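**Q** Before we start, here is the structure in question, set down as structure tokens.
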Amino acid sequence: MEPPAAPSERSLSLSLPGPREGQATLKPPPQHLWRQPRTPIRIQQRGYSDSAERSEPERSPHRPIERADAVDTGDRPGLRTTRMSWPSSFHGTGTGGGSSRRLEAENGPTPSPGRSPLDSQASPGLMLHAGAATSQRRESFLYRSDSDYDMSPKTMSRNSSVASEAHGEDLIVTPFAQVLASLRNVRSNFSLLTNVPIPSNKRSPLGGPPSVCKATLSEETCQQLARETLEELDWCLEQLETMQTYRSVSEMASHKFKRMLNRELTHLSEMSRSGNQVSEYISNTFLDKQHEVEIPSPTPRQRPFQQPPPAAVQQAQPMSQITGLKKLVHTGSLNINVPRFGVKTDQEDLLAQELENLSKWGLNIFCVSEYAGGRSLSCIMYTIFQERDLLKKFHIPVDTMMTYMLTLEDHYHADVAYHNSLHAADVLQSTHVLLATPALDAVFTDLEILAALFAAAIHDVDHPGVSNQFLINTNSELALMYNDESVLENHHLAVGFKLLQEENCDIFQNLSKRQRQSLRKMVIDMVLATDMSKHMTLLADLKTMVETKKVTSSGVLLLDNYSDRIQVLRNMVHCADLSNPTKPLELYRQWTDRIMAEFFQQGDRERERGMEISPMCDKHTASVEKSQVGFIDYIVHPLWETWADLVHPDAQDILDTLEDNRDWYHSAIRQSPSPTLEEEPGVLSDPALPDKFQFELTLEEEDEEDSLEVPGLPCTEETLLAPHDTRAQAMEQSKVKGQSPAVVEVAESLKQETASAHGAPEESAEAVGHSFSLETSILPDLRTLSPSEEAQGLLGLPSMAAEVEAPRDHLAAMRACSACSGTSGDNSAVISAPGRWGSGGDPA
């Protein structure tokens, strides 16, 4: 493989340790390590309970996770398009490992699916098998080659998902699992070359005599096999020599995944300015910047002038005091007439109808909130605890349970658009469904189940509606108290446990001291894992666990220690926290509206303070649809893909819904209506028009870019670096045609350059500090849409009209604009954009 190219100076970059002086760079793994025989995984069930009384109910046969929706997909534009390899910003960089040579001398038959080769007394479990229905499912960026930094998407394509399933193989991407697989291969080759039979022992219970005898191999073949075996052993030694002894093996995968994500984000950021914004958002939110990420600041010409933030005036308070607690009084008459679902409501029948889907994926939590009088968290929490019989198992008084639930829900902020009690109820219900996954049946103890549900319920309590970085940048008391480390997550834990000390709120009062300590430790671990900056570490831990079991001979995930068990539980709650894109589309779109409203509200606060506005928080520039596509491609899909491997085939429907939703948002970008020629002259005159840019370039569009590029014109980057050069602006216009989806990017950059040259217009008053009701629409109230934005688009969101490709309109405009600067009347075919991109909306 070719060495990686040096990253662009303007791209996002990871500060990763390079090789020591005099040390050669690590070789890429042997090609066959990309593919290993598909090994079924079984999660061993427990045979005990830690509750006071062992009364295990009769368990129903295994069944897949049910979906609560029955959505007609006929009107989804995304489902009618050809499904592509994703992420869309980088169309394949793999080397097509399916053609590489593989040596499979040791791979014998798989064990019986009902019994562990290591433990004859193990309970029957669910095995991980390849499903024919999933053979066409696309794979995440984690399955791209780690070494192909400089391969062009024009010349490379990768269809590994189809090939791997067709050959019954798994793709192995975590370094430690690759080392294990390589050592097994070396062992097999050694046996073949020396005619030494492989003993049937615990290292190779599946093995047997090699399927190929040395006598049947030619001398040349034996020499080649020996060389390849030696090279593979050298590669293993090199990997082990560079492993840092004080770090876990999963950190090798975390290090690799972050490097690969950085490469993907670099490609995305180079596509357009909005692509750079999406990249910056993902990098800032989901990578632990404190130690590993270094993002270059904008150049002086790019950074707008901003007033320094005003000095914060705050009342001094003891640092040991937990903020956000309220003195609430809930009547003690709750234990007299306990409502059926824990909350008083006049629509109990409708609520009961909705809660029939409590154990199904895709429960409409918005309807539950409406029928429960806005008490969705209390309703869901009480109903789940009753259904799982946790009140009896842990002797939780009903009135105490109800008092704590109501107190907890009251400490969620109803005026926060997304991180409110509705989100907590959704995560709680999603965790409940994931705990009921057939593959995890009888795996976790009652105490672990209680801890997971409690962690989901409190994981965002007293959330202020701003990010950790905002609190750090504003020197908030919370950031000072928790030393800038997982600020909000630590606060949620403190509030959640502190509320147990309120009157008649201690739902764990009858737990033993040991149970209480164990539960607290688990809850802390799970809630801290909801810090999105820890995402790549969590993903690497889980994927290393799954792939290590795939390449071992047993294929049994024992989960026989705290570290392994809490690792699965942490990822479960993390998956539930990132489950919005996997829900039915109508629910997903509502969640998207809410999270964008919260982002925009934070952006308004940052603008008021004169701070730099966080990525995706500026309502004038954020591209909602593209942010969701990038969010799915780089964050949600790799996580759920790995979870689906763990519990296969139980999460296949969830992956299908995720793919459908991603296609819908992608199609919403491509199918938005174009502005009419009559509207175009006024586009640049509207200072409130959002900057929205297309971040995806298809292969055809890139070819078009090459063919339509005007010789002698400066590149986009050079033009942007000279904002006051009006001639450069005019020359930039003639290059837009080749990147037609990014037309508005250039238009808006020119608009900003013009504004900076003539003095930026006074900023209009926007909705700041807006309060949101859980039952009302969110985004439409943020600002008044301009006429060009009122074209049909996503419900409650600005239209994508300015972004969509309209070649015919452009061609007509080009012919009418032959007088533009930098073009000539006899060469209208190479004019790049309509005349509206000229200064003042008229041809230059």
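Using the three backbone atoms N, Cα and C, a Cβ is placed for every residue, glycine included.
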**Q** Which of the listed positions, S191, S333, S554, S818, does Swiss-Prot note as phosphoserine?
**A** S333
**Q** Using Swiss-Prot as the reference, determine which range in 143-168, 195-220, 663-688, 819-844 is annotated region 'Disordered'.
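**A** Residues 819-844 are the ones Swiss-Prot records as region 'Disordered'.
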**Q** The Zn(2+) 1 site in Swiss-Prot lists H459, D460, D577. Which one of H423, H491, H535 belongs there according to the record?
**A** H423
**Q** What whole-number Å value do you get for the CA-CA distance of H459 (Zn(2+) 1 binding site) and K344 (SUMO cross-link)?
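**A** Cα-Cα, rounded: 25 Å.
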**Q** Fewest other CB within 10 angstroms, which one of the recorded positions K344, H419, H423, H459?
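**A** Fewest other Cβ atoms within 10 Å, among the recorded positions K344, H419, H423, H459, is found for K344.
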**Q** Based on Cβ atoms within 10 Å, give me the single least packed residue among the binding-site residues D460, D577.
**A** D577
**Q** If you take the centroid of the Cβ atoms of H423, H459, D460, D577, the listed Zn(2+) 1 site, which other residues of that chain have their Cβ within 8 Å of it?
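**A** Checked against the 8 Å cutoff, the neighbours are H419, A424, V427, A456, H463, T530.
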**Q** In Å, rounded, how far does the Cα of K344 (SUMO cross-link) sit from the Cα of H423 (Zn(2+) 1 binding site)?
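**A** Given the Cα positions, K344 (SUMO cross-link) is 20 Å from H423 (Zn(2+) 1 binding site).
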**Q** Along the domain 'PDEase' (343-672), what average pLDDT does this model show?
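**A** A mean pLDDT of 93 is what the predicted model shows over the domain 'PDEase' (343-672).
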